[in-house]
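Undergrad: Before we start, here is the structure in question, set down as structure tokens.
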Amino acid sequence: MLPPALSPFTSFWRLWRSLVILTGKPWLPPSVRQAEMSNAKERKHAKKMRNQPTNVTLSSGFVADRSVKHHNGGGKPFRAQKQESFSGTSRQRQTRMTHYSPPEPDVNEQSSSKVTFNKKGGWKAGPEGTSQEIPKYITASTFAQARAAEISAMLKAVTQKSSNSLVFQTLPRHMRRRAMSHNVKRLPRRLQEIAQKEAEKAVHQKKEHSKNKCHKARRCHINRVLEFNRRQKKNIWLETHIWHAKRFHMVKKWGYCLGERPTVKSHRACYRAMTNRCLLQDLSYYCCLELKGKEEEILKALSPMCSIDTGLTFAAVHCLSGKRQGSLMLYRANKYPREVLGPVTFIWKSERSPGDPSENRQLWIWLHPTLKQDILEEIKVVCQCTEPTKSTVCISDPLLTPNQEKSQTKLPDEKIGKKRKWKDDGENAKPIKKFIGDGTRDPHQLYSWISPTTGILISDLTMEMNRFRLIGPLSHSILTEAVKAAAVHTGEDTENTPHRWWTETCKNPDSVSLHHRQEAIFALLGGITSPAEIPAGTILGLTVGDPRINLPQKRSKVLPNPEKCQDNEKVRQLLLEGVPVECTHSFIWNQAISKSVTENKISDQDLNWKRSELLVPGSQLVLGPHESKIPLLLIQQPGKVTGDDRRGWGSGWDVLLPKGWGMAFWIPLIYRGARVGGLKEAIMHSQYKRSPYIPGDFPDCPAGILFAKEQAKNLLEKYKRRPPAKRPNYVKLGTLAPFCCPWEQLTRDWELRAQAQEESSVASSPSGEESDWRGDEVPCAPTPEKTHQVSDAMGTSLHACSEPRGRMDTECPAQMGTEWATGQDAARRHLCVLRSRASLKQLSAWCGPSSEDSRAARQVPSGGQQELTREACLSLLDRFPRALVWVSLSLLRKGSPEPHAMICVPAKEDFLQLSQDRLYCGPQESKHSDPFKSKIRKQKEKKKLEKRQNQGHTVSEGLEAGHTMAEHQAPTLGLWSGPLPDVTSHCSRVLLGFVTQGDFSMAVGCGEALGFVSLTGLLDMLSNQPAGERGLVLLRPPASLQYRFARIAIEV
């Protein structure tokens, strides 16, 4: 039996041996471990030992002190003790430990056991080191007491985890199993107990989700809609927004969040849908203005805003009766042909509506959201509407209870994103029937204005209706399959239904007869081949049932049914005369009925619950008089109406339906085979129709000018993001304005060019007779000494679309600022687009090639058009100076035009080369020199030098220098800097205009483009071209030197 003094020491060494066996490494005290580590290991060790007791953590710069008194070997390095304990046999160790006398110093032992503590933490033996005496015997109790702090630190390190990893994560990777995270028995037995304790901790327990935090509670209807309405403060959502957000790339435009293009590749599929099947678009972002009042007063007020020279007006016979939809161009009052506001479509309510004997008429004007503000302000001015109606100053939602209205007023102050506690109002609690798109109107904003003199009431009905557009030959077939006419109910059980308005309508025999006539006409549409066969703008009113009841189980493709057109006489009458005036009536004109239809809509949840109670699953659900009745208004869209080729392409139907029923009609239309398109497909639709797209193709409209500025800004930012070596140098390519079309400067340069030619011809003529192309107008040439435009690094100023030469100051008052100039001569110098139908027909006849025979060339064209003479050109230019003409271009050979491509006049050698070689593509522009390259490099070097000099200056001086540098915008390499030169003669071919839309056309199989040309330049080109080659121009993209031949056409 061992002496009692050896028991503590023996237990210590047993513990040390067990640690060696478990870890594979001998455990050393922290002081020794820290001394033996290198610098890298020392930093790693300091991170691990940051939670250790301070009494056992020694600094790295520890140096052994000779003057320290060692009590029973307490101060001796442990390595020496370990070497001593392991040297010799175990019996010798026991013999040494039995002696209790203090050790005596020995000279030989001191010389043979000298060790040195290295500065960097290593131990070194040698004569130069610090000598330490190794004792022969130690007392176990005293030794253990001296090492008590280190032993406790060792035990704490063994029992306490130093990382956040679990037990099974400490195993080698080849021993880990997925089941170890939840099944303790898959671990090794030595670790199962520790893993069981970890699993019992609350941190690793599965959290029990409360009802307020579960997924269903977070998606609760009331909180979800309130959160959606909060997110619509800046950009309004349509009712189909969530459907689009899952399948489309969304963009924020015009105050709305709209779908730009599908996430799948569907460019060709959408074209095929428009050509052969049906394409569906949500146009609910279009704005609607309603005018109520006497017909004479409305026509009198709106007549100064339109001109009969451009086409039909508000007083057109077919449109005034409510039979057709009309379209026209609005101008500021008595400002035609300048100061255009934009295109609109309008619908008159039928005057023969049953039960409406009043003299007041209703007029709906539909317009693009970018045009709304300007047109609304001008209509308020011409109608003399200054007083808002009292009922629209503060509108409270009728769907909310008083308690909910109070909570809604406090809504902006609360954090809507957080979950609020459920408050039960007991029996008085009512569900909030709100939907996406509702609740976005500011109740304190004005939406109605009344005129005290004319009695006209103007109302803003934006977002109060949904408008869907179906494009393609199968659009009416899909409509007839997805929508069914409402059933007529006359029983006594109809009194308790919420659809009282339909019950009262069914009691009137005339109304029932009209409904059956509308149903019969609607049924005839299913057998017609294409909507283009029906007269353009035909309107049909209809009341239908809930389309969700007839929803098929799977998506299908609808085809036209010729059996529905067995009565050929009725079909022929429908195609020739259109829908009768009586059948254009719809209850959607009545705001009270539309509001009732919105409020009494059956929710999808209730409808699905009724379906689940059917005895035969999947059978037809019959609701009887409780089924919702929805008033609709169907409007035929004519499609392509200009030109001689592809007439009627892109025709279809527009569906107007009350608010809140968007998704109820959207899904059934898709389930019948309609493909959905976005804004990109709308641009393609207008491009293939060769019609201007709103607002990009209206350079004389305020919305078009703003659109051009934003587009130029985005293109410039995209250009600057690329390195100079990976982007085109537009200065060397001869492109002055790659991102914006300087229409003002183009028309002014052509005016000056024509005036110079006229002066030279007058000076060279022997008679000396003077003839001016502009009449009494004196063009205003800018003075070079007053131009102080700073480069905007865009190739042209952002204001180039509205102001000539950017921000240059000239002596001409018509070109100063952005205000409209006063006076007749100054107004004539403003930019305008030629929209006179008679003049466009004349230009269209002149653009076509004629025979080489001079007699045939001088022959008057058919249709009573004038021949191309000098007098005819002068009269046209006198009426429309500085005008642009909308043209379409078709490439003769290969090539795909791009936006902002240049339309140029071919030279005589180009026609000669084309006559010799019909496969000749076109000339090539010679490379230009870049005069700004050296200047930009010098500026960069100057900036670097200033930056080095400013490093020693004060902070205030640095801020001052940064401010001055920010004011002076540095030029960009590759873009024209400063005022633009003459844009018409900058290149080898004279510039005529620019392209606004261009791409490869799948309809004709070649490249097609749409754009504007200067009227003065067009007449000059047509006068100088040979009769056989008349109408040929050259197209050159901004980033290319290659010109390509194209034929110009003006379609009316």
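Residue numbering: from 1, along the chain as shown.
Note: Cβ is positioned from N, Cα and C throughout, glycine not excepted.
Sharing the record's features from TrEMBL:
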REGION    67-128  region 'Disordered'
REGION    404-425  region 'Disordered'
DOMAIN    652-743  domain 'POPLD'
REGION    757-793  region 'Disordered'
COMPBIAS  758-768  compositional bias 'Low complexity'
DOMAIN    883-1052  domain 'POP1 C-terminal'
REGION    923-955  region 'Disordered'
Undergrad: So what's near the region 'Disordered' (923-955) in sequence-distant terms, Cβ-Cβ under 8 Å and 6+ beyond its ends?
TA: 729, 731-734, 907, 909-910, 913, 961, 965, 970-971, 973-974, 976-977, 987-989, 1034, 1036, 1041-1043
Undergrad: Determine how many residues of the domain 'POPLD' (652-743) DSSP places in helix, in strand and in coil.
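TA: Final tally across the stretch: 45 helix, 9 strand, 38 coil.
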Undergrad: Averaged over the whole of the domain 'POP1 C-terminal' (883-1052), what is the pLDDT?
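TA: Looking only at the domain 'POP1 C-terminal' (883-1052), pLDDT averages out to 84.
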Undergrad: What is the number of residues in the region 'Disordered' (923-955) that are helix, strand and coil, as DSSP sees it?
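TA: The composition, in the requested order, is 21 helix, 1 strand, 11 coil.
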